[in-house]
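Colleague: The feature region 'Disordered' is assigned by TrEMBL to 17-53. What TrEMBL records for 77-465 is domain 'Major facilitator superfamily (MFS) profile'. Per TrEMBL, transmembrane segment is recorded for 80-102, 108-130, 142-158, 164-186, 198-219, 231-251, 284-306, 326-343, 350-369, 375-397, 409-433, 439-458.
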Amino acid sequence: MASSSYPTQAVELETLDFSRQVPKQPNPVLSSAGRRLGSHHEDQDQDQANAADDEAIPPRAAAVVEKWNEPIGNAFRVGAVFFSLFVSGANDAAYGALIPYLETYYELSYLVVSLIFLSPFVGFIVSAAINNYLHMRIGQRWIAFMCGGCHALTYLILSQHPPYPVLVLAYVLAGLGNGIGLAAWNSYIGNLARSNELLGFMHASYGLGGTVSPLIATSMITQAKLGWYEFYYVLLGMAVLETATLTYAFWPKTAQKYRETVCAAGTRNEGTRSALFVMPHARVVWLCALFLLGYVGVEVALGGWVVQFMLRVRNADPFDAGMTAVGFWLGITLGRMILGMVIPKLGVKLSLLIFIPITMALQLVFWLVPQFHVSAVAVALQGFFLGPMFPCVIVAVTMLLPRHLHVSAIGFAAAFGGSGAAVLPFAVGAIAQAKGVQVLQPIILAILVVLLGIWLGLPKIEKKKD
């Protein structure tokens, strides 16, 4: 009996050998840690597979580049932005058409009437200080309301032909509305697909407003014999419509959604301080801001003083002189639309290296050929080649800086450029008080030379691929 039990036991041990039938599996809970500590080839292969899986799952959703017509609602928003720029252009171009009549109505000198260029600068400076804060705290919803509301309140005051000091203070509100709007809408459009073309059309809307404004103002004053202040009823109606359309279009764009957009870009919002004082970003921001300082100054000085120049130096008829300003702003509009299509093929950097010297040559023609019609054509062509420069600078900012700095950088550059719209035309008026309005041309030519040098100092800009 005893001898027969051994074979049975051996068979049972061989059958119950689990090491050959059950493969060894790692503990599903501790396997990750075990693999990191192990040194076998199988564990290393498994580590690599898991790492690949981890990399395939992004920590946050990637920021999607929206189109002008996608998602639903963007088309109306873009249209509302274009109309807002139309109103801003009408506001800025009105100065030049109205200066001769403000001088007569208030009995002002060149120097004192030039204060209407200086006062919007205060509004631009305030907007530069609060732009980023407004985006983070109240969002584009209330920025839209503030932009249109500042315009409407300004035109309501001016339509009542107040005392001149009140008029100057009212233009501070106009500068605030323009500054807030320029920063917000340039940043919004600059982050859409095909932004180069869209920015061209957006700023063409500004130029179109600048074309229509002196045409309406000059016709109302010289043909209909109305007061200069009655023109502001027209702008008031535009501003009310601007406020309504902007607020409705951007009502879904809350501060929370803006903060989420910044986070989706994979960066934190560092604000104006990072844009202005952290290299290499600061170099781009300051060069672009200096460029806009000179560019906007040239644009507003030409548009603002060309009517007076044609009246006093070229001895033009008042209506014809007013039409010179219309031609200048029409040139800006067409330049932004037509050349905006050419710029993506040439590249932003090369385009302005071509346009600035052409503008300088046209300025020489305007200066040295003392014929009204030649001067009028030269001014209009200057507008054509000046027009694309502002959107080109905005495109340069969006291409050279990370997205989370766009609002701060564009807001600061636009405000700095706004100071050019104040300081340079005021300087022309102050010098004209002593030397005559013919000082306009050499001042403009000198600033164009400086702009060329600033543009050469920017880093290389690759052609944008949307």
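If you go along the chain as it appears here, the first residue is 1 and each next one adds 1.
Using the three backbone atoms N, Cα and C, a Cβ is placed for every residue, glycine included.
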Colleague: At a C-beta cut-off of under 8 Å, are there same-chain residues at least 6 beyond the transmembrane segment (439-458) that contact it? List them, or none.
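Modeller: Result: 284, 287-288, 290-291, 294-295, 297-298, 301-302, 305-306, 309, 349, 352-353, 356-357, 359-360, 363-364, 366-367, 389, 396, 400, 424, 427-428, 431-432.
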Colleague: Test of understanding: applying the rule of at least three C-beta pairs under 8 Å (pairs 6 or more apart in sequence), is the transmembrane segment (284-306) touching the transmembrane segment (164-186)?
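Modeller: The transmembrane segment (284-306) and the transmembrane segment (164-186): touching, no.
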Colleague: On average, what pLDDT score does this prediction assign to the domain 'Major facilitator superfamily (MFS) profile' (77-465)?
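Modeller: The average pLDDT of the model in the domain 'Major facilitator superfamily (MFS) profile' (77-465) works out to 84.
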Colleague: Which sequence positions outside the transmembrane segment (142-158), separated from its termini by at least 6 residues, show Cβ-Cβ distances below 8 Å to it?
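Modeller: Distant contacts of the transmembrane segment (142-158): 80, 84, 87-88, 91, 123, 134-135, 166-167, 170-171, 173-174, 176-177, 180-181, 184, 229, 232-233, 235-236, 238-240, 242-244, 246-247, 249-250, 253.
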Colleague: Which sequence positions outside the transmembrane segment (108-130), separated from its termini by at least 6 residues, show Cβ-Cβ distances below 8 Å to it?
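Modeller: Answer is 95, 99, 102, 150, 164, 167-169, 171-180, 183, 272, 300, 304, 411-412, 414-416, 418-419, 421-423, 425-426, 428-430, 432-433, 437.
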Colleague: Any residues 6+ beyond the ends of the transmembrane segment (326-343) with a Cβ under 8 Å from its own?
Modeller: 89, 93, 196-197, 199-201, 203-204, 206-208, 210-211, 213-215, 218, 299, 302-303, 306, 351, 355, 376-377, 379-388, 391-392
